[in-house]
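Visitor: Supplied in structure tokens, the structure appears directly below.
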Amino acid sequence: PALFMENARKSSIVSRANSIGSTSASSVPNTDDEDSDYHQESFKESYKDQRRRAHTQAEQKRRDAIKKGYNDLQAIVPTCEQQDFSISSQKLSKAIVLQKTIDYIQFLHKEKKKQEEEVSTLRKDVMALKIMKVNYEQIVKAHQDNPNEGKNQISDEVKFNVFQGIMDSLFQSFNASVSVTSFQELSACVFSWIEEHCKPQTLRDVVIGVLHKVKSQLY
């Protein structure tokens, strides 16, 4: 009995010790798990803040770039500075700035096309002047090589007689072939007269006949 009582007492003491240990263990907080959760939550919060801050900065840069672009357009486009008196105190809207920019670009395209046409015309004029220069140089050279060539030139009276003879011949055929009763008949007869009496061979024969006549009068 004494041994049984001793064993029972030891078992009771061990049981109470285990009970106290487990109670103490359960009452102590799990600091490792809580610290881990706290740091993870802080990391998440910080990452979100960083992304939000980066997005805000990017958006601000984009807005600043757009604002700078519109300011540059207003400084470059002359019509953006010439505001009406009624809205001179107001800031131009983005839509007005864009429309004025489009109008100014279209104006520049028209001016460029006009200048290109003028340059093309000037180039043709320069080419024509060069050709005339070459011709005049040849005439001067020919005159210098043959200084007596122009002494026996035909007078203006003879030139007029040749011209008059050609015109008289043409007028006679015109008067005989063309009817002036109405404008419709005149138009029809003019075309038929040109096709019949103004052929190269016919005109050549007329000029040769007039020249022979004038030559016979001179000599």
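Each Cβ is built from the backbone N, Cα and C atoms, and glycine gets one as well.
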Visitor: Would you please say which range out of 105-132, 133-160 has the annotation coiled coil in TrEMBL?
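Guide: Per TrEMBL, the stretch marked coiled coil is 105-132.
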Visitor: As a quick check of your reading of DSSP, tell me how many residues in the compositional bias 'Basic and acidic residues' (56-65) are helical, how many are strand and how many are coil.
Guide: 10 helix, 0 strand, 0 coil
Visitor: Average the per-residue pLDDT over the coiled coil (105-132) and send me the rounded value.
Guide: 92
Visitor: Looking only at the domain 'BHLH' (50-108), how are its residues distributed among DSSP helix, strand and coil?
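Guide: Secondary-structure composition of the domain 'BHLH' (50-108): 48 helix, 0 strand, 11 coil.
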